[in-house]
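These notes concern the structure reproduced below.
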Amino acid sequence: MSNSIEDDSFSKRVGRWSVFYYGVGHMLNDITSACWFTYLLLFLTDIGLSQRDAATVMLSGQIADGLATIFVGELIDRFGHFKIWHGAGSVLVAVSFSSVFGGCLPCKALATFSSTVETISYSTFAAIFNVGWAATQVSHMSMVNCISLNSTSRVVLASCRNAFTMVANLSLYGIALIVFNISIAKTYADIENQYRWIAYLSIFIGCCFVGIFHLGTNEPRSKISVHGNIYARISWTYWFRKILYYQVALVYVLTRLVLNVSQAYLAFYVINDLLMAQSAKALVPAIIYICSFIVSVLLQEIAWNGQRLKAYYAAGGILWMFCGVGILLLPRSMSLFMYAISVFIGIANALMTVTAVSMQSVVIGEDLNGCAFVCGSLSFLDKISCGLALFVLQSYQSSSPIIVGNYSTNFNFSVTRYGLGLVPAVCSALAVAVTFTMELQTPLSKPLLEPLLE
């Protein structure tokens, strides 16, 4: 029986359509996440919240997300049913996300617009949204380990998922560009209306792809291991005894810090620090995600092993270090160079994301009945660290920048510049250093006879 399961479910290569159906399953999460990290702080400060209150809203969502990932991961390991968790989380995301950007409902009900009530309201909806987001993320991320044991297939699935993450981000910026051009914001109500339409359209697009995922993807056999052990749940302490778990956790958290912190401050940087046109806050991110999409597709054509994971991750990390230095030192008079830097950021993001996620699969290996805990615990560390980092940075955002030089050549050492340049560069350097200490063994790696995607 176990041999039959192994042959049918794990040894056969993953087909092209199966890769596609799996890859689109995170689109709703990705498009709402792109809006969350790119526009939430900008939106909250535009409608009158202080920098610290905006940071509090962001932190409340991140904490709720982090705690939910642990809880959901434990339940999935106990009971399975990846698709049920994915569907329930998607419904919660779709229902709650519009409220995050839809204005302060309690303020209207209570006929008061105090900053305290606004902060509590936005923080509550942010927490609800992130609980649903966590359920969808953990179930989708851990599914890949139960779809295939082939290391190359696992990387291809992760790469396809990352490619559609880029599609989701591009969709968001396309929507935002259209909405910002059509709707002119002159009052707080106009600003809320702009972001409400962005939220509605994002939810609609994401839900369409969630439907495709559920129609095309079968429920994996999460409770049957390749050794035939049914319902043999793995204890948390099993993972805590593995050095590789801590190494991969650190690399994953540092990678998410690079991606999320840079995304959160990108719009601020191009508008406030470089004084670029308003269209740049959509065009610069679009260039990043187009490049990431192309690289993610190309990565699907490679036969993967542990050494290649480390090498490609290191390449992405080193590239981000150079980009971070460039951002930190770029003067306003040379702001057009930001478009060139964006190309390399996109390449680095794809290399680091695909390989960091794939390292989780190496840690899990054949221990499928603990895969959700690994994904959930790493996501918990990611959410808490990103929330704290953004809270600290945003708390100092109101500090006056230090202007150097005359107006035509000056640049300012602002929190935004540090958040987009210095923090990702330092995190990349630390992650690359940790990567070199890893011993990634992929004994089940079987190169495919043909590419999974054409």
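The first residue you see is number 1, and the count goes up from there.
The backbone N, Cα and C atoms fix where each Cβ goes, and this holds for glycine too.
According to TrEMBL, the features are:
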TRANSMEM  20-42  transmembrane segment
TRANSMEM  84-105  transmembrane segment
TRANSMEM  163-185  transmembrane segment
TRANSMEM  197-215  transmembrane segment
TRANSMEM  243-270  transmembrane segment
TRANSMEM  282-299  transmembrane segment
TRANSMEM  311-330  transmembrane segment
TRANSMEM  336-359  transmembrane segment
TRANSMEM  416-436  transmembrane segment
Are there at least 3 C-beta pairs under 8 angstroms linking the transmembrane segment (282-299) and the transmembrane segment (416-436), leaving out pairs fewer than 6 apart in sequence?
no
Remote residues contacting the transmembrane segment (243-270) - C-beta distance under 8 A, at least 6 residues beyond either end:
34, 37-39, 41-42, 276, 280-281, 284-285, 288, 313, 320, 327, 335, 338, 345, 349, 352-353, 356-357, 359-360, 362-363, 374, 377-378, 381-382, 385-386, 389-390, 393, 416-417, 419-420, 423-424, 427-428, 430-431, 434-435, 437-440
Let me check one thing: do the transmembrane segment (20-42) and the transmembrane segment (311-330) come into contact, meaning three or more Cβ pairs under 8 Å with sequence separation of at least 6?
no
Among 84-105, 282-299, 311-330, 336-359, stretch most in contact with the transmembrane segment (197-215) (C-beta, under 8 angstroms):
84-105
In terms of Cβ proximity under 8 Å, which residues at least six beyond the ends of the transmembrane segment (336-359) contact it?
141, 151, 154-155, 158-159, 161-162, 165-166, 248, 251-252, 255, 258-259, 262, 270, 274, 276, 280, 283-285, 287-293, 295-296, 299, 304, 309-310, 312-313, 315-317, 319-320, 322-323, 326-327, 330, 428, 431, 438, 440
How about long-range neighbours of the transmembrane segment (84-105): same chain, 6 or more residues beyond its ends, C-beta under 8 Å?
25, 28-29, 32, 35-36, 39-40, 43, 72, 75-76, 113, 117-118, 121-122, 125-126, 128-129, 131-140, 143, 192, 195-196, 198-200, 202-203, 206-207, 210, 213-214
